[in-house]
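Engineer: Sharing a structure, written as structure tokens. Questions coming.
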């Protein structure tokens, strides 16, 4: 129950950061102004002489107070160093500084508002600083920084508040009760310090629950564009959030704290209300005397300066101990900001992260990516490590050492993500991480858990064997390895080691690469339980002359002859003057199924949806879910009591499935308000239809509907395609039209459209499974020209499901392929134009592939070309583990 309340509170604070910050500041100013000139008018040193306060201070007291202040400043300094573990000393340092400053101001305002004595503030300031604990702020920031988007930032802050809120509340209560015992001591200085301490704890609690999460949410929101549109917190060293179960408090400790709180409440009640024998008036008089406020002791004087000048002079005038304290604070601040770990600051500067190759420690080197010895700082030799076979052998002492980027890399197999032309290979990147010696044998799980939960240490202080040990013991979920490790790559490496032990052939993963890949773009977006990446050859076909422009089309495939054949088709189209294309329709669909009590009720709902009034109501609800989604059409069908509704809407440059699904849910909720007896069976009732052959996609269309045409001169048909127009038309009729009809095909009136569609989809980060519907195509050929010797060809594709934002298009290699075509990302001037342009390119490339394959079939070259170009010449018996070798 409490966790749910704190979660709701955290979500509200993170979702409205400006309102919370402005409200907190306004409340502070209001409390200060309400009491500044309307409270107690007796101000010692300005309009009253207070002899009680003119006491001689021993030199030993001054020394002790100065030492205490310096310790408090050093404590705060080390707290800020802990915040550096999150990666950015500026973002979190400012947030921590705001927390400290706001807590101090709020404490001062509260005490002033309650008319308390402030003469003990000088002595109590170190006590206040020592009460500040930024560990919880650091933990909450970790939750926020493990996010991939601003929406996830809010959710993670809410989740962090749900976990940390109850614990922090109980701790604040216990601290107040413990410190509050000092207010009953009868010693004036101790009472003032303890009173101030209680106020500080409450102020820290207030700021942590309101100001700090709002500030973190706002800072991350403002910095979301600092890395070319990608959130700055996507860096690997920002994603070190701990497992939720590890953050949850120990129930035994919580029960002890609650029992302690109850006991302290009884102590306070007995001391203040039951055991106090003094009359009320006597108590009041005594308190006045003890605080130096007695009328007979204080003497009124005429102020010589105004009140603000009096306060300003008090702030400016400093003793020698205050000078020492201020000097130490300034020295540490300058050291922290300008001279400490400049390398860390440079790696987090607002430059393109792609231009700086990430140098990380390779835990278990793979032969497939790095075959040369690795260089180590100080000319230290790397220990030879065994291959990733999953077989446990006696481990030597592991040493995590910083690497140097090699400048001489002959015969080096690497995988570079991003714009390699921007890389400066002559620069030497050296991390300043100290060497960490790890034990020979894995330590106990309890010790490993403590190290993992330590903000100053973390997973990098644990060996791979210890991490594997924690995973096997269920202390770390295997699916969260990337999140918990200091780098995503190490998490993938450990998962591979875990998997290798379970495989019949432990060396199976040897040639599946995993290094030098930006997994931060994969996590939470593209794939789970990652064990590497699949390098697929990418060829280029072109130039494709389409609508007066030339395109070099990337195609990822392992089928020989496909790119070459498509390239020949592009050449033929170019020699014929190019192709023309149009987008006929644009609308992604989602087809939910609902059920009503009777078939007649379903008919009534269907009739209502087909009215202009019903459509307007549903459209308003649907369109409210997105600034791009605009409902264009409803197609309904009935099967008994079931009603199938096909929502069709534009989705901008996104493929649009998630966007349309969100709008569909909202529209169904609105429909349920009008027909309460309606039951929603599924948001997808296969009436869309997605990733399945369906006549409705072929007839009604889905995604982008495109058509492309070209005229190929007879000379080009003879010299480039090596056939005749009559032969190609004859094959097209009997193969693509009659043959497909005999097979009962739906949308398969083509030679091999799926080949080209899938190759482009894989290269450009599309959903490869959607080639089922996207490959719907009819290829038509006719004789044209004055002598009917030229070839007219057209391809019509009614359901190209494609997008240029979201999903796999966020990965850098896929973005590179989209940039080749000039359609990467969203079109700012005309939303959706990039996706439509990509659909036209797909249709034009399909036509090029159709042209070349049909020519090969007409000329009888298909089998011959595949025998030459599509058969491996490697002797499989020479390969280790080949089936032919084993059976021989």
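Note that Cβ sites are derived from N, Cα and C of the backbone, with glycine treated the same way.
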Engineer: Annotation N-linked glycosylation site in Swiss-Prot: match it to one of 296, 870, please.
Structural biologist: 296
Engineer: Check the candidates 281, 419 against Swiss-Prot and report the one noted as N-linked glycosylation site.
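Structural biologist: Going through 281, 419 one by one, Swiss-Prot annotates 281 as N-linked glycosylation site.
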Engineer: Based on Swiss-Prot, do residue 221 and residue 549 face the same side of the membrane?
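Structural biologist: Both on the same face of the membrane, per the record.
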Engineer: Measure from the Cβ of residue 691 (active site, charge relay system) and count the other Cβ atoms within 10 Å, all protein chains considered.
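Structural biologist: Around the Cβ of residue 691 (active site, charge relay system), 17 other Cβ atoms lie within 10 Å.
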Engineer: What is the Cβ neighbour count of residue 767 (active site, charge relay system) at a 10 Å cut-off, with all protein chains included?
Structural biologist: 17
Engineer: Provide the three-state DSSP residue tally for the topological domain 'Cytoplasmic' (150-159): helix first, then strand, then coil.
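Structural biologist: Output for the topological domain 'Cytoplasmic' (150-159) reads 10 helix, 0 strand, 0 coil.
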Engineer: Quick one: Cα separation, residue 559 (active site, charge relay system) versus residue 767 (active site, charge relay system), in Å?
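Structural biologist: One finds 19 Å between the Cα atoms of these residues.
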Engineer: Please count the residues of the motif 'INSIG-binding motif' (75-78) that DSSP assigns to helix (H, G, I), strand (E, B) and coil.
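Structural biologist: Final tally across the stretch: 4 helix, 0 strand, 0 coil.
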Engineer: Between residue 767 (active site, charge relay system) and residue 691 (active site, charge relay system), what is the CA-CA distance rounded to a whole number of Å?
Structural biologist: 10
